[in-house]
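**Student:** Below you will find the structure I want to go over with you.
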Amino acid sequence: MAESWSSLDTAECNFRPLVVIELAKGTKEETIEWFTKRVVDKKTDGGAQLLIKPLVTENGHENIYLVGASHLRLLLGAETVGLVKECNDNSMRTFTYSSRKTFKDFADDNHSFLTMAECQYIIKHELENLRARNEKMIPGYPQAKLYPGKSIVRRLLTNGILVQIFPLHDREELKKLSHSWYGRVKVGYQPLDDIRCYFGETIALYFGFLEYFTFALIPMAVIGIPYYVFAWEDYDKYVMFATFNLLWSTVILEVWKRICAILTYRWGTLLMKRQFEEPRPGFHGVLGINPVTGREEPVYSSIKRQLRIYLVSLPFVCLCLYFSLYVMMIYFDLEQWALDYHKENESNFSSLVLYVPSIIYAVVIEIMNRIYRYAAEFLTSWENHRLESSYQNHLILKVLVFNFLNCFASLFYIAFVLFDMKLLRQSLATLLITSQILNQFAESLLPYWLQKRHNKRMKKRESSQKTDADLSLAEQVNMEKEMGTYLGTFDDYLELFLQFGYVSLFSCVYPLAAVFAVLNNITEIYSDALKMCRVYKRPFAEPTANIGVWQLAFETMSVISVVTNCILIGMSPQVDALFPDSRMDLVLTVALVEHLLLAVKFIMAFVIPDKPRDIQLKLDKLEFESLEALKQQQMKLAAESLKE
């Protein structure tokens with residue numbers, strides 16, 4: 001970190017601030033004293049055994065605290081959270097303090113053995129695992145009830161006593177990363193290993209997938225350009241393009257699994273064991289006993305949750321879907337009006353008017369998607385899911401169903417009800433391009449502009465105070481605490497999911513869809529990188545072994561694309577001419593081909609291994625060694641019991 005932090009060294013050797021804790025203004029002194037004591041207390045006394053200091057400014061410490069840890073404490077924490085590091089024999093193993101000398105680049109005086117992101121993740125884990133012992137409430141706040149085993153930090157957050165916890169940026173490392181990542185326009189790969197070291201595996205894996213998906217779109221774009229130029233009105237030729245689309249959508253997802261395995265093995269997260277999930281912060285219920293852990297915690301009836309889901313959430317989602325279809329029909333009325341206006345006037349202006357309904361509809365779709373997202377978050381929170389994974393799965397399902405219908409229903413209607421390929425091409429192009437422009441503006445350009453204005457005001461306000469190194473740290477903390485909070489990769493994956501739908505479902509009708517997707521993703525890489533480095537607070541690293549439920553979402557979309565493209569092929573004049581006398585024969589033939597292609601798709605998914613052979617062998621070897629070690633331990637215990 002910056003040299004300015006060295007001035008904070010006190011009795012603890014080289015105190016290095018890693019995490020910032022901001023308490024609410026007016027927090028009672030007894031609460032602060034109790035909480036900070038629990039942070040520094042030894043693990044044996046129920047504390048986190050971390051280092052904590054107030055951030056002193058000209059106006060006092062303002063209830064902002066800096067948290068760090070000794071090198072030894074971080075190493076012990078690395079063992080607790082199960083970090084996987086590279087050994088001297090180039091294998092990947094779970095770190096243990098007792099075998100620390102066997103790990104590559106380890107030395108007692110090498111404080112860079114653990115990355116800063118890993119250190120911050122360890123501190124976050126330790127803070128979240130600060131649990132109440134005999135306390136019945138937060139001191140000074142009788143309404144903030146505690147019970148044995150309850151997470152103290154989560155209770156402070158839910159009661160508004162603790163405003164936020166966030167990791168500090170390392171300005172020097174961030175500057176280097178920014179330069180190599182987005183500081184200069186270049187043709188090449190992203191520094192994924194550097195991104196992982198700074199932001200953690202979840203964010204690095206998103207950028208890895210974004211990069212991979214962009215490269216995977218290039219073959220579709222290369223084929224699409226001449227197809228667009230030379231066969232613009234020749235619908236017969238989209239049979240070949242649709243066939244290629246079917247194979248492409250399957251292969252890229254299977255290949256991604258292998259690339260994902262290579263990356264996560266190198267980063268160590270492929271080997272990390274899944275930890276027992278704690279109840280999410282928003283979960284509430286009557287105090288009871290968890291039958292698995294035996295600990296006292298809130299218990300909520302699953303029957304009540306199911307009633308909320310099926311009697312409230314499901315009808316609400318269905319109502320939203322109906323409203324989306326109603327808006328879609330209004331859009332078609334506007335399309336008819338624009339067409340009639342063009343027929344009456346036949347001018348350049350009337351030609352432009354033809355695109356107005358699609359542009360308006362694309363804007364309305366984006367607005368509806370964002371409003372529905374807030375409603376879905378409220379409903380999913382109200383359903384009171386115990387685990388964060390369950391909450392995320394239900395939220396993603398709600399959002400994906402609505403977004404899929406909202407974005408693609410009009411295209412399905414045009415293709416399979418109106419049978420208007422020209423209107424389908426126009427609508428697809430307008431929806432795709434408009435949504436990309438709106439997303440770039442809303443997600444990157446607008447937040448960056450707002451953050452830049454805020455930073456200028458902060459610098460003017462604090463320029464008079466900037467006299468020594470300590471104030472440099474205070475300025476950094478005050479600027480970062482006002483920055484927006486990165487809410488995770490949900491919206492980023494959702495944008496790619498919808499883009500994949502536009503390309504895989506109907507791109508044979510508009511072959512330039514892949515071209516625009518490639519151009520958008522190139523700018524997306526730079527704008528998202530800028531957003532992570534300049535707009536938002538640094539997020540905590542989150543270890544992950546894959547892209548989670550999004551892999552299933554993309555695979556589901558690829559299955560739907562098989563059905564869609566088969567029907568488009570069956571509707572082509574070229575295929576229709578093969579069955580002049582019987583429509584039923586055509587339908588049966590298309591259905592047979594669709595089933596065969598789905599069978600080929602699933603066979604390919606089965607045949608292509610999810611992990612490369614060398615990585616699978618390493619995993620099998622580690623599993624064998626762990627089983628042998630367990631066997632040796634059991635034999636040792638048995639021998640000792642016989643001696644007794």
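A Cβ is built for glycine as well, from the same backbone N, Cα and C atoms used for every other residue.
Note: TrEMBL annotation is automatic and uncurated.
The domain 'Anoctamin transmembrane' feature in TrEMBL is assigned to 195-620. Feature annotation from TrEMBL assigns transmembrane segment to 212-232, 238-256, 309-332, 352-372, 395-416, 496-519, 586-608.
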**Student:** What else in the chain is close to the transmembrane segment (586-608), if you only count residues 6 or more beyond its ends and a Cβ gap under 8 Å?
**Tutor:** 246, 250-251, 254-255, 257-258, 555, 558-559, 562-563, 566-567, 569-570, 575-576, 578-579
**Student:** Considering only Cβ pairs within less than 8 angstroms, which of the stretches 238-256, 309-332, 496-519 has the most against the transmembrane segment (212-232)?
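**Tutor:** Most contacts with the transmembrane segment (212-232): 496-519.
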**Student:** Which sequence positions outside the transmembrane segment (496-519), separated from its termini by at least 6 residues, show Cβ-Cβ distances below 8 Å to it?
**Tutor:** 209-210, 213-214, 217-218, 220-221, 223-225, 227-228, 238, 241-242, 245, 248-249, 400, 403-404, 407-408, 411, 415, 421, 424-425, 428-429, 431-433, 435-436, 550, 553-554, 557-558, 560-561, 564-565, 568
